[in-house]
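Q: Below you'll find the structure I mean.
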Amino acid sequence: MVKEQLEVLRALDVAKTQLYHFTAIFIAVASGLSLGNHPKAVMATLCFFRFWLGFGIGGDYPLSATIMSEYANKKTRGAFIAAVFAMQGTGILAGGIMAIIVSSIFDKQFPAPAYQVDALASLPPESDYIWRIIVIFGAIPAALTYYWRMKMPETARYTALVEKNAERAAADMSKVLNKEIKAETEMVERMTADASNSFGLFSMQFLKRHGLPLLGTTSTWFLLDIAFYSQNLFQKDIFTAIGWIPPAKTMSASEEVFKIARAQKLIALCSTVPGYWFTVAFIDIMGRWAIQMMGFFFMTVFMFAIAFPYNYWSKKENRIGFVIMYALTFFFANFGPNSTTFIVPAEIFPARLRSTCHGILAAAGKAEAIIGAFGFLYAAQNQDPKKTDHGYPAGIGVKNSLIVLGVINFIGMLFTFLVPEPNGKSLEELSGENDGDDGENEYPRQGNNRSVPV
């Protein structure tokens, strides 16, 4: 009977994984086919599909980190998880290249005047296909990996510690490693029978053992995403302000897509993507804590260095220096908290709660992405109502917005002191699943190089 129940649970887990992955593929295509007889209807349809895309990716996000964490060994675990996350950089480049190609083709095939010359003609009906093609393109990588993802077995730790099936765990690992693995039934029974390894997410024991690490990792991801997504979203306004791309009114719709994509991809190629791979190279040498602290520190420094003398940087002869410093904030975001906030949660929580906690943190981060998406798009508007973008009220300006982001980065640096250092330790040591200390687990702290009980 118990065996049958475990098989049902396993089937449900597989079904959920398939659902998350398939949803991401299907909804990416559906987003590009958003329908409506007027712009508001199209936006409503698009928002509906993007909500469900968030459901699919939101489920796959913690699974990807957890799967790699539980398959990797403790010496190279950080690099393997970081490499998974670094594929985001590859996606950023691929999406940007696609935007450049599609917009340039449409610009040549359907030439249009600038907005200030003829507002209606600057947006020909054919240009509506540009964003649709780019969005649909996002389904291709997910579709290419669908078959292999469905063939991937459940991780041995989950099978052994949650499903309590040591034999199945050993069999799955034997297939993955292509060698015979002996089932450690007695050890699994001892660990799963321990009452200290069976507490729930909302229990006092979880709060005592993992409360501060959960607060630290949640708050830093929360704060990081305000700054990171805000910087991404008003890149256009910053590049226009310093004269790196022309004002929107001097371009047609397809020309504007091309020039913004080109500028953003140059920043990505020179700073964002290298930052991901620097993390892969150094995370198991420097440790997660040091990289995260360093990243928040330099993001704060460069943001303030850009913001306070903003009038100096806005002069045409100084714009190259501005772009370099602005690019460095992205480099240290990815060789810093944007990577580590993804990695650490996949290491420090118990196997039965690992994906759930990672999902909570990711949701907190994306909640702040909404603040960045809306709040700072309004905040970055010019203080003079006559100089704002069409449809926007006056804001606090780009300079003051950058100062606010610098302050947020500094606060993130402070909350990093609550984040444990998982480097060089097994997942069982970090989660306390291999001891019976009734919650008095110790997390290594970076600040004083010794263990501090939490």
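Each Cβ is built from the backbone N, Cα and C atoms, and glycine gets one as well.
What TrEMBL lists as compositional bias 'Acidic residues' is 430-441. Annotation comment: TrEMBL describes 1-424 as domain 'Major facilitator superfamily (MFS) profile'. Annotation comment: TrEMBL describes 426-454 as region 'Disordered'. Positions annotated as transmembrane segment by TrEMBL: 19-35, 79-106, 129-148, 266-283, 289-308, 320-339, 359-380, 401-419.
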Q: Can you see whether the transmembrane segment (129-148) and the transmembrane segment (359-380) are touching - at least 3 CB pairs under 8 angstroms, only pairs 6 or more apart in sequence?
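A: Contact absent: fewer than 3 Cβ pairs fall under 8 Å.
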Q: Hey, which bits of the same chain come close to the transmembrane segment (266-283), Cβ under 8 Å, at least six residues off its ends?
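A: Same-chain contacts beyond the flanks: 78-79, 82-83, 85-86, 88-90, 92-93, 96, 235, 291, 323, 326-328, 330-336, 338-340, 343, 423.
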Q: Do the transmembrane segment (289-308) and the transmembrane segment (359-380) share at least 3 Cβ pairs under 8 Å, sequence separation 6 or more?
A: no
Q: Express the predicted model's confidence over the domain 'Major facilitator superfamily (MFS) profile' (1-424) as a mean pLDDT, rounded to an integer.
A: 82
